[in-house]
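Since the structure comes first, as structure tokens, the remarks are kept for the end.
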Amino acid sequence: MKPFPRAEISAQALKNNLSRLRQIAPNSSVMAVVKANGYGHGLLNVASCLTEADGFGLARLEEALALRAGGVKAKLVLLEGFFRQVDLTTLVEHGIDTVIHNEVQLDMLENASLSKPVTVWLKLDSGMHRLGFTPEQFAQVYARLEACPQVAKPINIMSHFACADEPDNPMTQEQLQVFEALTKNSKGYRTLANSAGTLYWPDSQADWIRPGIALYGVSPVIGDLGRNHGLEPAMKLVSQLIAVREHKAGQPVGYGCFWHAKADTRLGVVAIGYGDGYPRNAPEGTPVWVNGRRVPVVGRVSMDMLTVDLGIDAKDSIGDDVVLWGKELPVEEVAEHIGTIAYELVTKLTPRVAVCLD
């Protein structure tokens, strides 16, 4: 018997999405971003499906070590870098690359005693103003890294887009110009394109692309769908009906009793709630998929359950599957109804949701 709720992860979709991104950026290596537990799809699940990726991008050292322990031998890059000097020894021991984005990291690196040099990616702040060295600092920091015996040569360079998911925003072109001007003569690898850069800004693809959400079949752009780019949803979030109830016109349902039926209907109670990561703020009308059709959420989402209006003529039964998002119902659309982004939905599932590789 399959558990519920569960997130069914399609290995074939992950592989197909990687292949599709290679078609879109044929001259670039692929750094598959698998931070946040593989965007909620399971870190080792995703890595086991993306063995053809050239490397993996992660946010935490613990994530990188989990991949090494799981037998992953590909290039691993810590996108936020290291936080303690002692971590440098671990990076060298396990062959993990690190981003350098601030003066403290640079000082720790220069004062470290390492058995061999560590591979670094110098982070340029090309306009996002979150991490990285400014264009004015860039040449001096680059020279310090060149002179540092603890740093493997050549030095790689990275930056990150602020607005690439807004295709008409001129900021992306400005960042691209800054990046090109400062890095065009560099000897190491260069990487700038995230998912949105890869899909919408081909001039940004450089030596490496860093797709995250696109690998999972989701578009990074509000109002767009991954399938418009030949991508397939990798996650299907499924639960079941645990009750089907006759409901009279005027009767409320759920905490607060703020929703009342306008006519006689049948309500279905679904075994999923905010305790599983489904948003409590999902408004009336948020769609779910039951037996080949969309039906709306009604009433307030509770910790373990939500309620849907199946309609007066519904033939649905207890035990029937309910798809919260997946191929039938794109997560991008669900996110738009709720007023959030698909990234948040897929990464906020709690451990109560069984993640099953298909």
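Glycine residues also receive a Cβ, built from the backbone N, Cα and C atoms like all the rest.
The Cβ of Lys35 (active site, proton acceptor) has 19 other Cβ atoms within 10 Å, all protein chains considered. Here Swiss-Prot flags Lys35 (among others) as active site, proton acceptor.
According to its DSSP assignment, Lys35 (active site, proton acceptor) is helical. The annotation N6-(pyridoxal phosphate)lysine is assigned in Swiss-Prot to Lys35 on the grounds of sequence analysis.
The Cβ of Met303 (substrate binding site) lies under 8 Å from the Cβ of Gly273, Tyr274, Gly275, each of which sits 6+ residues away along the same chain. Summarising the annotation, Swiss-Prot assigns substrate binding site to Arg130, Met303.
Among the features that Swiss-Prot reports, active site, proton acceptor is placed at Tyr255 (among others). Within the same chain, residues at least six positions away from Tyr255 (active site, proton acceptor) with a Cβ under 8 Å of its Cβ are Gly299, Arg300, Ser302.
Residue environment of Arg130 (substrate binding site) contains 10 other Cβ atoms, counted within 10 Å of its Cβ in all protein chains. A coil conformation is recorded for Arg130 (substrate binding site) in the three-state DSSP classification, outside any helix or strand. Annotated pair Arg130 (substrate binding site) and Lys35 (active site, proton acceptor), C-alpha to C-alpha distance, rounded: 18 Å.
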